[in-house]
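Asks: Okay, these came from TrEMBL:
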type	residues	note
REGION	1-32	region 'Disordered'
COMPBIAS	10-28	compositional bias 'Basic and acidic residues'
DOMAIN	38-159	domain 'C2'
DOMAIN	199-322	domain 'C2'
DOMAIN	365-494	domain 'C2'
TRANSMEM	512-529	transmembrane segment
TRANSMEM	594-612	transmembrane segment
TRANSMEM	624-651	transmembrane segment
TRANSMEM	739-768	transmembrane segment
Amino acid sequence: MSSQAAAKGTQEDYKLKDTKPELGERWPHGGQRGGSGWIYSERATSTYDLVEQMFYLYVRVVKAKDLPPNPVTSNVDPYVEVKVGNYKGKTRHFEKKTNPEWKQVFAFSKEKIQSSVVEVFVRDKEMVARDDYIGKVEFDMHEVPTRVPPDSPLAPQWYRLENLRGEARSRGEIMLAVWMGTQADEAFPEAWHSDSASVKGEGVYNIRSKVYVNPKLWYLRVNVIEAQDVEPQDKSQPPQVFVKGQVGQQVLKTKLCPTKTPNPMWNEDLVFVAAEPFEEKLVLTVENKASPGKDEVVAKIALPLNKFEIRLDHRTVHSHWYNLERFGFGVLEGDKRNETKFSSRIHLRVCLEGAYHVLDEFTMYISDTRPTARQLWKQPIGILEVGILSAQGLQSMKTNNGKGSTDAYCVAKYGQKWVRTRTITESFNPKWNEQYTWEVYDPCTVITFGVFDNCHLGGGGQTQGSGAKIDSRIGKVRIRLSTLEMDRIYTNSYPLLVLKPSGLKKMGELQLAIRFTCLSMAHIIYLYGHPFLPKMHYLHPFTVNQLESLRYQAMNIVAVRLGRAEPPLRKEVVEYMLDVDSHIWSLRRSKANFFRIVSLFSGAISMSKWLGEVQQWKNPVTTILVHVLFFILICYPELILPTMFLYMFLIGIWNFRFRPRHPPDMDTKLSWAEAARPDELDEEFDTFPTSKAQDVIRMRYDRLRSVAGRIQTVVGDIATQGERFHTLLSWRDPRATSLFVIFCLIAAVALYVTPFKVVASVAGIFWLRHPKFRSKLPSVPSNFFKRLPSRADNML
């Protein structure tokens, strides 16, 4: 009994929970918005109404002037140290400068401040001895004013430096601004934070919150039509050539021209993914199949991508001839190796496809469906506002100074916009309270959140095979916008679940506040009746293999471009958010998908069981009522379709009472995450190609053969039944076909002379007859059908 209770408790722990955070603005000193006697008026609602308000003490250090030089060195290397209780923040130091400018902001979390005084020290940097004290300025915390955006920033003022005894010095002033504000302050993103006071050096740039934008992706379609005057190195025989195209790391080839000719024709499309700004060129090489194992470059050309035409619809673009460059490498051409010849040319039709949406994520979790060309975009239909509040109960991800720690940050991706919260260091319960907004162009899209451990702050962490540190995954949450009610604020705690080779593990919980605001209900209704992707995907569709390859290339380009930002959104983060490895074989995922299919037919199976019970007169009252309904529909056939639609309407109205009140979350039972065996998970997390021992690979291969054998049998049975239908009229079995043909003639005559209502009534009475009039043996049609031959007899 205790094990069942524990299992139930674990299941509850894996589910989404309701939370009641205190969202919106709550200002101190009693008023709705008050503070230090100078903010008292009512204001418009803040844009930070989906997060819990966090108060910070801000200190802006602008510059200093007339700093006294050191009497020994006759110069000064100044820097500023801001101290609030046990927290200290330092600016960079300048060498030999009496009028330095820092322009730096320090933010101290109010809930962690244990001092009533803010101290600002100006010191002289010494290389060997202790840093010299130049002067200081003190502020009483109770006298610090409160600033509420959208008020203009507080103007900094000059303050004369004081010595250690609190007396004003004859020289030296510093320009400062000190105020109390919230995370809504525009100084917040770039400020030094007391939450991350332990981070030094380059790690400071890796903890800041940032907004990233996807690079603008295009499909580059290269139609290789033909070439003329292709001249191989060996002029004794005509060339048999193909064209190889390359854009960056993407390489595609046309088919080999079937005939050996100097004027080959292909008329093939090569499709690449390109990103703005166009840094790569389209490089085309014409290569000759000199021998079975040798391809020689005959000619080449490099074309910049910004020269090509942009296509916005299905019209045909103009084709052009391009001269190819050829380099002589023959024995008799030793002095002409560097001479460029324009002896051949190639006929191309090249365009940048602006009417397609470049898929960089799987369509199941797609977050954007707009075409590449901005002039084809529609108006947004809504606004998505997300408050990333906090995480609770995170697991230790690494060890620093002998103790476990986690430096967590959250990434959200929707449409072209990625956001990254600041990193909260050494906390298992980080509070971000950051709010972001997206425009929504289609409600049937998904927003993805991921929580990661920052391993680039100087501590330990997970490493790749190359030894480079990677940011560890803590968990992921997906929310489909179409499952949200309009203008309602959802405040929930989502479990962060991760599958590891050791099994399913809960890494903590992510608390979010979400609001989907509708701008045009008519536009949303309009979208539900229109194609999901731009029309070019249906007028000129790509093949399945093309889509898979192009999606993989687009994901790589996005990962590389975002990895070059500052701070970088690293490759492992982008790949996890875009589900790069979700197509890899997994026995667990295959089982989950199989049982998803089974559940789809559960309704039909239940209906067939109920009809079987009616047919067997298990409940005579129900069977009699079915008889009555059946005869009513026979007498009034025009009621059949209205009855069906009315029945579905009533079911929908009844189910409205039990509609989901929360967004869907990760379902461990549906995913078969808890039932997966360790070896299955070990296989799922194996590299591709595999890195396991030979005996393990053999065992997994045999298991895969066993599973595939069952699938093979089921597919064969389905094919057999279908082939038997074809056999009815194919005269494969002449006696069976003769019987079926004669039956069809008799049935045609009988149905022609007999009214349809009579036929339907007789058929219904026969099907609903009492078990006393039934035989336990299979029916005649079933026996006849099972005796028909199939093409399984002809298989080896």
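Every residue gets a Cβ built from N, Cα and C, even glycine.
Where in this structure would I find these features, and how exposed are they?
Replies: In the predicted model, the domain 'C2' (199-322) has a mean pLDDT of 88.
When Cβ-Cβ distances below 8 Å are used as the criterion, the transmembrane segment (594-612) is approached by residues 670, 672 of the same chain, each at least six residues removed from its ends.
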Asks: Could you give the number of helix, strand and coil residues in the domain 'C2' (365-494) as assigned by DSSP?
Replies: 7 helix, 64 strand, 59 coil
Asks: Which numbers of helix, strand and coil residues does DSSP report for the domain 'C2' (38-159)?
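Replies: For that range the per-state counts are 6 helix, 53 strand, 63 coil.
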Asks: What residues elsewhere in the chain lie close to the transmembrane segment (624-651), defined as a C-beta under 8 angstroms and at least 6 residues from its ends?
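Replies: Long-range Cβ neighbours of the transmembrane segment (624-651): 614, 757, 760-761, 764, 768.
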Asks: Just to be sure I understand, if DSSP states are collapsed into helix, strand and coil, how many residues of the domain 'C2' (199-322) fall in each?
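Replies: Taking the domain 'C2' (199-322) as a whole: 9 helix, 66 strand, 49 coil.
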